Amino acid sequence: MSVKTEAFSAVRWTTFVTVGRVVLQTLQLIVLARLISPQDFGMMAMILSVTAFIQLFGDLGVSTTIIYSREISKEVLSTLYWLNVFMGALLSGLVWAASPWVASFYSTPGLQTPLALAGSSFFILAIGQQVKVLAEKRLAFRPIAIVELISAIISTVLAIVVAYLGGGVYSLVVAVTALATGNSLLYWLFVRDGWLPGLHFRVGEASSNLKSGLYLLGASLANTATIQADVMVVGRMLGSAALGFYTVPRELSLKVMFATNPIVTRVGTPLIAKAQGDQVLLRKIYLATIRMTSAINFPIYAAIAAFRHETVQVVLGPNWSQSADLLGVMAVWGMFRALGNPVGSLLYGTGHSRLALVQSLGVTAAIVPTIYIGGLWGSMGVATALTIFYVLFVFVVWLFIVRKITGAGIVEYTLQWAVPLLVTIMAVAVALAASCRLTTDLLRLALGLPVGGLAYVAFSWFLNRTWCDAMLGMAGFSERKFA
C-alpha cells in the first residue's frame with residue numbers, strides 16, 4: 001500500500017470517529033446545558049484546568065518519540081510502558097492529595113471531591129496509552145476509531161443519566177472516567193495487534209527517548225498553560241458561575257478544532273516523520289495540511305460566529321443567552337488558533353523537540369500577560385485579547401518555524417489559508433442574505449447553514465479545487481494529487 005493510500009485510509013477512519021465524537025459531545029453539551037447549572041460547568045472547567053497539566057506527566061512525553069523513532073526495541077518499549085503506568089498511578093495519588101489546596105485556590109470548597117475522583121483517570125489512561133500510540137505508528141486507525149467511538153457512546157450515555165438523576169458536576173466527572181476506562185480496556189482487547197510489554201525495566205536503555213520526551217513534555221506543559229491560562233484567570237478573578245458562562249462557548253469553539261484537526265494532524269505526524277531529510281516533500285505535506293485544516297475549520301467557525309445568537313438559543317437554551325457574543329468572538333479566536341495548531345505536527349514529526357519547547361515557552365510567556373490584561377475588561381476582554389494574539393501568531397509561526405524547517409515562502413504559506421478564508425466569507429454572505437428575513441432562530445439556522453454549506457462547496461470548486469480533489473480522493477472518488 002502506498003503512503004498516499006495509507007494516508008487516505010487513515011484519514012477516512014479518523015474522520016469517521018471524529019465526526020461521531022463531535023455528534024456525541026454536542027449532544028452531551030446540549031442535554032447537560034439544560035440539566036446542570038453554569039456553576040457546575042465552571043467547576044468542571046476548574047477540574048480540567050488542573051488535570052490537563054498533570055496528565056502531561058503521565059508518559060513524560062515519550063509517546064510522540066515512539067511515533068517518530070524509526071527503530072525502537074521491544075525492551076525499550078517495555079520500559080516505557082511500565083514507566084507510563086507507574087507515573088499514571090503516582091499522578092492519580094497526587095491529584096487526590098492536592099485536591100483540598102486546589103479547591104482553596106479557586107475559593108470553591110465543593111471542588112475537592114470531584115477533582116479527586118477525576119484524578120483516577122490518569123492511572124486508567126496510562127494502562128492503554130502505549131497500545132494506542134503503537135497502533136498510530138502503524139497507521140492502524142480503523143481499530144482505534146471503532147474503540148474510541150464505542151467509548152464515547154458509553155461516556156455520553158452515562159453523563160446524561162447521571163445529570164438527569166441530579167448528579168450535577170459529577171455527571172461530567174463520570175464522563176471523563178468512563179471514557180478513559182472504555183478506551184484503555186478496548187485498546188487492549190482490539191488494538192494491540194499481539195504486542196505485550198515484557199517484564200523488563202531499565203531506564204538507561206530508554207534514555208534517548210526520555211531525553212527527547214522531556215523536551216516534548218516541557219513544550220506540552222507550556223502549550224497546556226497557553227490553553228488553560230484563560231480558564232484560570234477567569235475562574236480566579238470572576239468565580240465559577242462567570243467561568244461557566246465563559247467556558248461553554250469556549251468549549252464549543254475548541255471542540256471544533258480538537259475534532260477536525262486530528263483528522264489531518266494525527267495522520268500528518270507519521271507522514272512528516274517519514275519525509276525527514278526531504279524538504280520538498282516535507283513542505284508539500286505541511287502546506288497540504290494547512291490548506292486541509294483551514295478549508296475544514298474556517299466555514300464551521302464562520303457559521304458559528306455569523307449565527308452565534310441562533311446557535312446559543314437552539315443549542316444551549318435561553319439561560320445561556322449572555323454567552324452569545326462571547327461565542328462569536330471565540331469562534332474567530334478558534335479559527336486562527338486552529339490554523340496555528342498543525343505546527344506541532346511539523347515540529348514533533350521532524351524531531352525538533354528543543355525548538356518545540358522554545359516555541360511553546362515563548363507563546364506561554366506572551367499569552368499569559370495578554371490574558372491578564374484582557375481580564376481587566378471581563379470575559380469579553382479575555383476573548384478579544386486571545387483573538388488578536390492568535391491572528392498575529394499565524395505570521396510569527398511562519399517567520400520562526402515554518403520557513404526554517406520547510407523553506408516555504410510567505411506567499412505560498414499565506415495562500416494555503418487565505419483562499420479558504422475568502423471562500424468562507426463569500427459563503428457566509430450568501431447564508432446571511434438567505435436567512436435574514438426569517439423571524440425564528442431555528443428557521444434561520446435550518447435555512448442559513450445548508451445554503452451556506454452549498455455555497456461554500458460551490459465556491460471551493462472554482463477557487464479551492466485542490467481541497468475538493470483531496471476530499472474526493474479521501475472518499476475514494478478521485479485519484480488527483482492531494483496538493
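Placement of Cβ uses the backbone N, Cα and C atoms for every residue, glycine included.
So that you can see what the record holds, here are the features copied from TrEMBL:
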- 12-36: transmembrane segment (TRANSMEM)
- 42-68: transmembrane segment (TRANSMEM)
- 80-99: transmembrane segment (TRANSMEM)
- 111-128: transmembrane segment (TRANSMEM)
- 140-164: transmembrane segment (TRANSMEM)
- 170-190: transmembrane segment (TRANSMEM)
- 285-307: transmembrane segment (TRANSMEM)
- 327-348: transmembrane segment (TRANSMEM)
- 355-374: transmembrane segment (TRANSMEM)
- 380-401: transmembrane segment (TRANSMEM)
- 413-433: transmembrane segment (TRANSMEM)
- 445-464: transmembrane segment (TRANSMEM)
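Take the transmembrane segment (327-348) and the stretches 80-99, 111-128, 170-190, 355-374: counting Cβ pairs under 8 Å, 355-374 has the most. Through the fold, the transmembrane segment (170-190) approaches residues 28, 32, 35-36, 40-41, 44, 47, 51, 114, 117-118, 120-121, 124-125, 127-129, 131-132, 135, 143-144, 146-148, 150-152, 154-156, 158-160, 162-163 of its own chain, all at least 6 residues removed from its boundaries and within a Cβ separation under 8 Å. Same-chain neighbours of the transmembrane segment (355-374): 215-216, 218-223, 225-226, 229-230, 233, 343-344, 347-348, 381-386, 389, 393, 397, 400-401, counting only residues six or more beyond its ends whose CB sits under 8 Å from a CB of the stretch. Sequence-distant neighbours of the transmembrane segment (140-164) (same chain, 6+ residues past either end, Cβ-Cβ under 8 Å): 9-10, 13-14, 16-17, 20-21, 24-25, 27-28, 31-32, 35-36, 132, 170-172, 174-176, 178-179, 181-183, 186-187, 190-191, 193, 266-267.
Here the transmembrane segment (12-36) has long-range neighbours at 141-142, 144-146, 148-149, 152-153, 155-156, 159-160, 163-164, 168-169, 171-172, 175, 248, 251-252, 255-256, 259-260, 262-263, 266-267, 315-317, 319-320, 474-476, meaning same-chain residues at least 6 beyond its ends whose C-beta is under 8 angstroms from one of its own.
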